[in-house]
Amino acid sequence: MNGADTAFVLISAALVMLMTPGLAFFYGGMVRVKSTLNMLMMSFISLGIVSVLWVLYGYSLAFGDDLGGGLLGNFDHIGLKGISPETLTGGKEGIPVLAFALFQLMFAALTPALMSGALADRVKFSAWALFITLWVTVVYFPVAHWVWQADGWLFKLKVIDFAGGTAVHINAGVGALAAVLVVGKRIGFKKDPMRPHSLPLVMLGAALLWFGWFGFNAGSALAANGVAANMAMNTQVATGAAMLGWLVYERIRHGAFTTLGAASGAVAGLVAITPAGAAVNAFGAILIGLVAGAVCSWAVSLKFKLGFDDSLDVVGVHLVGGVIGTLLVGVLATGGVGGATQLGRQAAGAFAVMGYSFVVSWLLAKGVDKAIGFRASEDDEVSGVDQAYHAESAYDFSAVAGVSSARAAAPAAVSDKAQNKKVDA
Amino acid sequence: MKLITAVVKPHRIDEIKDALRTFGVQGLTVTEASGYGRQRGHTEVYRGAEYEIDLVPKIRIEVLVEDADAEDVVDVVVKTARTGKIGDGKVWVVPVETVVRVRTGDRGPDAL
């Protein structure tokens, strides 16, 4: 066993885990006060659901031996059967399969959580939980197999997706678009102001994502080596450049360098460098970042023009950013990998995932809607899904509410005293 | 007696308070408020979507004074609240029939 590589992958798994709560804060700050907790929960619940599913059958479907045609893994490793702490990847110098499985679990948990931002404020929590359970099973596990398993058909086609541009970001971006088209717009979309309630929370989330993304990207080398170092460097510089790209576009177009723009640009850069980072040099990474920042900044306005309510711009950031990174590998890849042939492969991979994910995600969302209703009732949406589904509220602003809760406690105290007096008497 | 009410920019509160104390005003009431005047608030941009924020934060200061002092107190408030920029606020004066100090029951000027 290679101890250094194993340690690196285990630490990377922990870093990737942090991305899901990071995403929860990134999204949580962008919604209105009344659905903050729901937004956090829609991401956080994924860590619960997917962790369990991954052990039950997810790992086996994604990384088991091919069932045929490069489409899906087999059922040999249901319940992680046949994998002991001693089982290593790639012979004596490998890492424990369990370390790899844990690392990949974090990807599987993050991907459905990415979609939650598109459905902010307006879906039933139960329906969301059901939807992502089905979605990872029918969409994510197979697509991960296509892209990353040596038998997968996109892997064999030599599509480069180092850390998840297609399997994670394009997949989630398209899935989110399909779900939004089924669920519909928020009440008051385009009419009522729906500005973010806490930009500091958005910034905190973006920062945690950035930090965790080093595990996501560099960890995908599965070894503490030069590829990982290149990926880590590229992750940093592409993200910095994307932040600049977004801010410059925004300054020219809208007149201000906004905080939300800086946070969004950083995430767009992280998305775009994900598939590409191992195949380009640092200069290529900067180019990818600049393009992703500026183009995603433009792309988020599409929802107003096209009239779909992707609340927190999952399509504009993850789908568009993922496509940019996936295609630019074909252009900017070093070491004789790039060129027209590779560009064609990259496009084929991107469109295959888009087509499959869109159709199946749409059918799943429709199915969930028919079965239990996807959408919150109008009353619940207007008064806020936090209270409807979680029986909580994120903040207590009102001094009056404080007083009344103090009063609610008071009668009990008074009656206690009264009782004591009776006893004394 | 007069009630002087001033709705002004929040960051001027310390200067106004100090100036009124120097002038000899005994007490005042400050409330957080929001509203707009002719300038109609401002615009904020989130990912390219523009929001008109028309209710901007203000503070409201209320001071009870004797008739003779009213004009001077208004001057003090206006001078210290002014920044010269749009949204500096308004000050107005209304007559007051009675003032009672709750603790003692004093009425009129004695209660100020």
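Each residue, glycine too, has its Cβ placed from N, Cα and C.
Per TrEMBL, domain 'Ammonium transporter AmtB-like' is recorded for A:7-395. Marked as transmembrane segment by TrEMBL: A:6-27, A:39-57, A:95-115, A:127-148, A:168-187, A:199-216, A:228-249, A:256-276, A:282-302, A:314-335, A:347-365.
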Stretch-level contact, the transmembrane segment (A:314-335) and the transmembrane segment (A:168-187), CB cutoff 8 A, at least 3 pairs: yes
Range from A:39-57, A:95-115, A:282-302 with most C-beta pairs under 8 A to the transmembrane segment (A:256-276): A:282-302
Contact ranking winner - A:6-27, A:39-57, A:127-148, A:168-187, A:282-302 against the transmembrane segment (A:199-216), Cβ under 8 Å: A:6-27
Considering the transmembrane segment (A:95-115), which listed stretch of A:6-27, A:39-57, A:168-187, A:228-249, A:282-302 counts the most C-beta pairs under 8 Å: A:6-27
Model confidence over the domain 'Ammonium transporter AmtB-like' (A:7-395), averaged pLDDT: 95
